[in-house]
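*Asks:* Below are the structure tokens for one structure; questions will follow.
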Amino acid sequence: MAAVGAEARGAWCVPCLVSLDTLQELCRKEKLTCKSIGITKRNLNNYEVEYLCDYKVVKDMEYYLVKWKGWPDSTNTWEPLQNLKCPLLLQQFSNDKHNYLSQVKKGKAITPKDNNKTLKPAIAEYIVKKAKQRIALQRWQDELNRRKNHKGMIFVENTVDLEGPPSDFYYINEYKPAPGISLVNEATFGCSCTDCFFQKCCPAEAGVLLAYNKNQQIKIPPGTPIYECNSRCQCGPDCPNRIVQKGTQYSLCIFRTSNGRGWGVKTLVKIKRMSFVMEYVGEVITSEEAERRGQFYDNKGITYLFDLDYESDEFTVDAARYGNVSHFVNHSCDPNLQVFNVFIDNLDTRLPRIALFSTRTINAGEELTFDYQMKGSGDISSDSIDHSPAKKRVRTVCKCGAVTCRGYLN
């Protein structure tokens, strides 16, 4: 891994000084365990199958080339099938082989012949790449769940291609202000209600209606700001006016789409209509900086800029490098999520928090989407996500597939 600056790669990243294999060997030599590199008490002195690399038949006996967990590739060994007690890995090996052959056939290329004695090198190479990909995605999934501060779990899935975790994305739970921008997360007033649902509360002080009904569903029209109770309020965590601040409550899956839209997000549980799903967070930058970055992003065909234009257009949220699950939510011209502006501890109207609520019931397994041209008013904006004048030079084709598709993201 090439050495890079800490600021460029994130404060928690440092250059790799030795290879993973060397590090594993050093751990074993010193009798040290390190879960993050696969060295555990279970396999420190014993062998555990990590994945299967290859297959052959010798004298009517089936053998698999085994990669041992926590051991370098140089220690891989051929083992007879009868010695392997890993049915799930054997099934995965078979599935990967089948998927590779199906992809080759779909591409109208010549299917490598399998004589049932040995695997063609291309098949074995693909199987190893898939195994390494699963390990990388599992580690990424574990990291995401360590960093999140909300109830809902995050899962990662890729059954489409060999794409691994993004190399330049860092999970955050709240806005990250760029140098020179200050976020004051301390409210200037708070309520003293005993029952915020029935009494005059924070929304009334701000001149708007309470956003939620008794079922914690949003009841105000798009374009109306949400004012939740804050840290100065005397109400407790069960207050009916504390919804967005509790974070995502649903288990979500970042998955690889099969139609060329990259990563997407789907819900693993049913979501009721008008329910809070997630926040859109990222790096808060000036609109001038957004203009500069927008030109670069357009040339790469990516779309992560969200203008904070509730009352002014001074700031933009850039989720390209820093963000949460919303970073992976795809666009749709007929979305199932709606944008709302939210104010909690920071009451600066130039810097609303961006919350995504369901517009209808969303079933388990369904992809989550929002309209990249939609702003908090509920209308199509000419200066909302990735659509400022400097970003109009390159138009990105829309692949949402909706009947009402406009053809372009910007």
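Heads up, the Cβ atoms here are built off N, Cα and C, so glycines get one too.
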*Asks:* What residue among S74, S384 has an entry for phosphoserine in Swiss-Prot?
*Replies:* S384
*Asks:* Quickly, which of S102, S381 does Swiss-Prot have down as phosphoserine? Just give the residue.
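*Replies:* Of S102, S381, Swiss-Prot lists S381 as: phosphoserine.
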*Asks:* Say Swiss-Prot lists R261, G262, W263, N330, H331, Y372 as binding S-adenosyl-L-methionine: which of K246, K270, K272, K399 is in the same site, per that record?
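*Replies:* Of K246, K270, K272, K399, K399 joins R261, G262, W263, N330, H331, Y372 in the S-adenosyl-L-methionine site that Swiss-Prot records.
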*Asks:* Including all protein chains displayed, how many Cβ atoms other than that of C229 (Zn(2+) 2 binding site) lie within 10 Å of its Cβ?
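*Replies:* Summing over all protein chains shown, C229 (Zn(2+) 2 binding site) has 25 other Cβ atoms within 10 Å.
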*Asks:* Excluding the flanking five residues on each side, which residues at least 6 beyond the ends of the domain 'Post-SET' (394-410) place their CB within less than 8 Å of a CB in that stretch?
*Replies:* 259-261, 298-299, 301, 303, 330-334, 369, 372-373, 386-387
*Asks:* Can you give me the residues near the recorded S-adenosyl-L-methionine site, meaning same chain, not R261, G262, W263, N330, H331, Y372, K399 themselves, Cβ no more than 8 Å from the center of the site's Cβ atoms?
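*Replies:* Filtered neighbour residues, in order: T257, G264, V329, T369, C400.
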*Asks:* May I ask for the distance between C405 (Zn(2+) 4 binding site) and C196 (Zn(2+) 1 binding site), taken between their Cα atoms and rounded to an integer number of Å?
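*Replies:* Given the Cα positions, C405 (Zn(2+) 4 binding site) is 41 Å from C196 (Zn(2+) 1 binding site).
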*Asks:* For C333 (Zn(2+) 4 binding site) and G262 (S-adenosyl-L-methionine binding site), determine the Cα separation and express it in whole Å.
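*Replies:* Cα of C333 (Zn(2+) 4 binding site) to Cα of G262 (S-adenosyl-L-methionine binding site) measures 17 Å after rounding.
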